[in-house]
Each structure stands twice: as structure tokens, then as C-alpha cells.
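S.K.: Look at TrEMBL and you will find 69-217 tagged as domain 'Peptidase S54 rhomboid'. What TrEMBL lists as transmembrane segment is 76-100, 107-125, 131-153, 174-190, 196-216.
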Amino acid sequence: MPPKLKVLHETWPLILIFLLCGLTFAVDVFTPAGAIPITDPWLLVPAEVSAAAKGLLAGSVDAASLRTLSTLLSHAFLHGGIEHIVLNLIFIWIFGVLVLRELGIRWFFLTFILTAITGGIGQTLLDPESIIPVLGASGALMGLEGIYLGMALRWRLPNPDVWPIARPVPQERLMLLAVFGIILDLFGIVGQEGGIAFGAHIGGFLGGLFLGTLLIPRPRNAR
């Protein structure tokens, strides 16, 4: 199989997620000025999620509440600008390829979905009364970083070699990148910086770290 086709064959789950994110981004970009984008109901609004969760815990289950809770996942496929989507997808590619390579397709999808949700929960817990919509795959991205860190703490893995990076990167460098990212998020919360969903980052990272340290099977190339 030609190298380019081999890359497509091995990474189709990532390509599928990229296409979904790209499609929703294009829909938002080409929505006429003043019109409400059809993706608007996918946005996560912490105050609405908090209310729906309280109703669910009280035994009140209805379609509107379930739709609201579904935004814990759907918000991960929306992005607020070209820089937002490009940076997220670059790092999702790097860590996503490593998770696919070591754990396979099922664990990749499980990690992406669960950590997108834990990211949404994290942001809701951080600011439960907020009416500011949350969007972006940052929680799932941090989840992929977290699960990689969990793997790397438990096993010795091959030095990551991810296309299109020209040469293998030492495992320790990616571990430091994951740790550095979460430290920046913690400082962001303390400094109360606006415009970034730090709770989503931390919630996604902790979800991935939990999977990586406690639940995953032995990676395929662990030594």
C-alpha cells in the first residue's frame, strides 16, 4: 500500500472527526449575517446544563433536558474561528495518532467521546451559572493528552513518530507538553483569564488521565 494511502487507512477515525468539525465550521462561516446558525443548539451553555442535570437528578426526564445534556458532547464539534479549529485539530492529530497506534480504534473513539463529555462537565462545574456558550474540541484534545500521559507513566513506549513531523520525538517531550498544558490551565483559572474554557481543558485531561492510568489495556508497542 502506498504510504499516503496507508496513512489514510490507519487514521480514518481522525479524518472523520476532522470532517465533522470542518463541516460544522463551514456551516457557521457561511450562515448569513444576522441569521441563527443551525449549529446553535449544539452549543454548551453551563447554566442550562446545570438546570437539566438538577432536573434529571430530581427524576424529571424530558426531551428538552436530554437535548441540553447532549451538548456535553456536541459542543466539541464546533469552533469559534480558524485559529481555534486549526490549533485544536493539529494537536488532536498528534495525540490521536498515538492513541490509535497504541490502543486501536475503539479506545480512540471511547477516549474522544468520554473526555469531550468530562470536559463539558468540568466547565459546567467551574462556572455553573454561566450563560456564555462553550464550544470546541479542547476537552477531547486534553483527554488524548491525558491518556497518553497515563500510558507513558505506566509503560515505556516507542519514541512517537507522527506524520508529518520529520523525526521521532522523545516520549518524555510529549509527556512534558501534556503536563505543561494542564499547568497553564490551572494558572488560567487562578488568574481568571477570559475567553478560554479552562474547566473543559482540565475536565478532559483528568478524564483521559483516569482512563490511561486505570482502565486501558497494555499498549500494543509497550516495552
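Each Cβ is built from the backbone N, Cα and C atoms, and glycine gets one as well.
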S.K.: Which listed range (76-100, 131-153, 196-216) shows the maximal number of Cβ pairs under 8 Å with respect to the transmembrane segment (107-125)?
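M.R.: Comparing 76-100, 131-153, 196-216 against the transmembrane segment (107-125), the winner is 196-216.
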S.K.: If you average per-residue pLDDT over the domain 'Peptidase S54 rhomboid' (69-217), what number do you get?
M.R.: 91
S.K.: Could you break down the residues of the domain 'Peptidase S54 rhomboid' (69-217) into DSSP helix, strand and coil, giving a count for each?
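M.R.: Per DSSP, the residues of the domain 'Peptidase S54 rhomboid' (69-217) fall into 109 helix, 1 strand, 39 coil.
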